[in-house]
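Sequence annotations record features per position, and here TrEMBL assigns coiled coil to 475-502. The annotation domain 'PAC' is assigned in TrEMBL to 246-298. Residues or ranges marked as domain 'Histidine kinase' by TrEMBL: 511-734. Residues or ranges marked as domain 'Response regulatory' in TrEMBL: 757-872. Look at TrEMBL and you will find D807 tagged as 4-aspartylphosphate.
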Amino acid sequence: MFSATSAVQPLVPGSTTALEIAQRDWAATSLGAADTWPTALRSTLALMLACPTPMFLAWGPELLCFYNDAYRPILGYRIAEALGRPFSEVWASIWSDIKPLVDATLAGESRTMTDMRLDLSRTGEPEESWWTFTYSPAFDDAGRIAGLLCVTGETTARVVAERDRDAADERLQMALSAGNSIGAWDWDVLNDRNTADTRFATLYGVDPDRAAAGAPIAEFFGCIHPDDLPRVQDEIRKVMAGEGTFASEYRLVSKDGAIRWVSAQGRCIFDADGRCVRFPGVSFDITRRMAADLALQAAKAEREFVIDLTKRQRASTEAEAIIRLSAEMLGQRLGANRVGFYRRVGANQLRHGANWTDGTLDPLNGIDPVDRFGQRAERSRRRGKTLVFSDSRHDDAGDFLSFAERGVLAGICVPLMHDGDWRAGIYLHHAEVRSWSDAEVALAKEVAELTWLAVERAEAVLRLTQRVDRQDTALAEANSEIQTQAGRRTEAESQLRQLQKMEAVGQLTGGIAHDFNNMLAVIIGGLNLAQRRLDRGDTDIGRFMDGAMEGATRAAALTQRLLAFSRQQPLAPENIDANRLVNGLADLLTRTLGEHVRLETVLTPGLWKTSADPVQLENVIVNLAVNARDAMPDGGRLTIETGNADVDADYAHDADMAVGHYVMLAVSDTGTGMAPDVLAKAFDPFFTTKGVGKGTGLGLSQVFGFVRQSGGHVRIYSEVGHGTTIKIYLPRIHGEDVQPMARRAAVSARGGSPEEIVLVVEDEDRVRNFSTEALRELGYTVIHADNGPEALAMIDAGQDVTLLFTDIVMPEMTGRQLADEALKRLPGLKLVYTTGYTRNAVVHNGVIDPGTNFLAKPFGIDQLAAKIREALDG
């Protein structure tokens, strides 16, 4: 490889090729590593790389190619791979042309070629080019021929110019000797005498005899078109100054005004001093050719106009805008004063649409009779014939006078037909006399047809858009109706769930009533005994009061559980310990099932946690338990079981479940079981095998819906005579552990002080009296009111209040409404609500508002003291 101190790079430090040679690894080539190259090769490369003339060197047995920067453009696309490749591969496309020259050079003979035609295909495509180059032998250090050196230059431009010049001279000589030219001239420049034949003289408007004798050149210039004459004179001056030959095309205007096109060709003959002494030439009549060229140009311009019009029509979506655009473009193209479109209305009227005018004629608007512009115009349009007139004043039949009376002297009227029926049309009006060419009439027809197609397209799109809009509106209304129906369905589903709960509550009623009566018996009995002892003056009544309190507490707990079970609410999933939930229901279920059904629970220790609505899950268990009881009319065993379940792929596929971990909850009975046909419909809504009035058929369908909504699965197994097992699978969760329900601490809470004023609002006298006395017992200053308005009146009268303790459900004004009004008057007021059941005033979807102080009835003095203190200290 060449190093930075090699003989090549310092000579041409800015050479791109030198850098490429230095950076290349030549060891794998037949030349070997660069530092082993002979001095002759290095010297020749240095000479070539420094030369500004295009050169290349082919060296070694394979004639590997080197070149300088000036030669790089000649390589064209080959530049990427030419360096170091064999000469025959680099120039494979011309190898057959140059190989004899290469062989001769390698044999020791230099070869020079001048203007050699070669197809180098520098861009990859065939090309015609000419080159002058010399091949010289290149010698190694021993004086042997080791390659060849080429110095070259492209001569294409000169060769082509000379060829064109020779061709022009040849054509001129042929024209001068031809017998079919229009005319020939020979101008004696020094004496200003132009001699011409008869045909030339006639063409240029000069007397033939005078032209034959010789006339000043200016006489022949007289019929050249004024617009062309300055250019022709300038071209003649240039030829006389030695700038090539004369070749020009220009117009001649005859005495009758006719215009002809001629092509004139000539050349100057110079004397020894370089002066132009003679200027011979010939002229050809090219009128027909020019007419064809002009017609072609006009046709091309017309096509471009139509294409542009069509594009702009397609860009518009409104029919009137399309008509207005087309009228304006056509009017300006043909130089008309007014262009417009009309539609036929009924049998005998025309309605004018959008139109364009340059201001010369007033626009046509409104509705006209079909014969407004005469009977002939009407007849032509009805037959679908285009009407063309150039001067409406000079019409022997008088058919166009209606146009003339309305200021229209020339016009084109194109009717538009559909299935042979005249539907619409286009008109072009001009206020002056003018003729219309066939091309102009054809263009008017074409624009009329194109415009009408565009109008029909725009109107079709409009109809389709309107139809889509109507459908979108209908779809929106349908979606709204679907949403309404969905809302009704959701409401119905909620009502069905509530109905199922109420059905279950009805099933529970017997057992609950029995237990509640037992509790009341304990309470009433204990209070009676206490009263009797007090009447005798005996104060030893503690055990009777303890028994009454225990019974009242149990009754309160049972009431709260029944309220929570029966209230309406959407699903509110929580992390659940199913074992704890089943244990909490055990007492309730035992009383509901009756003495002839034995309840057993098989609860797995270490049971996984799951997420579900606890109230709904309790509802599911109670409904399944009631169904199981009904399936055992003669008694039996009801088993509630929990467990952890790993569902694999095989079981998941058979049970239509997802693979994973589940918490299993099973309810089994030893009842009558179900036949296959009954089992197949067990989950269908409203399907029941119970008698009229004994069930709605909502139980199992609601169970299925709840479990699915909770992300789980339910399976039912039953056999006639052997009982039924229903297994519920709920997904395992790995969230926080379930916290045990807070227990009420039966401890004495800290009391209050007289400075703390509590306003008690309760419409039930006994509850209000108990609350008032209890709070006074606790040390508070207590005022009370029977209802909301009375309480507000006390506040409005200036009564200071620290805390408002109010029932929620009261006549005239709810506790929530009272609290809202009271807070407006006393912004720092503390609040505690109480009620025997929860409603949306305090509970949103079955959950107490965050931050709301709430005390459920019934409550003892300790619970009251704790809650009031909590509110005041919070």
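Placement of Cβ uses the backbone N, Cα and C atoms for every residue, glycine included.
Applying an 8 A CB threshold to same-chain residues 6+ apart, the list for D807 (4-aspartylphosphate) reads V761, E762, D763, E764, V767, G815, Y833, T834, T835.
With DSSP classes pooled into helix, strand and coil, the tally for the domain 'PAC' (246-298) is 12 helix, 28 strand, 13 coil. Counting residue by residue with DSSP, the domain 'Response regulatory' (757-872) contains 45 helix, 28 strand, 43 coil. This prediction places the mean pLDDT of the coiled coil (475-502) at 75.
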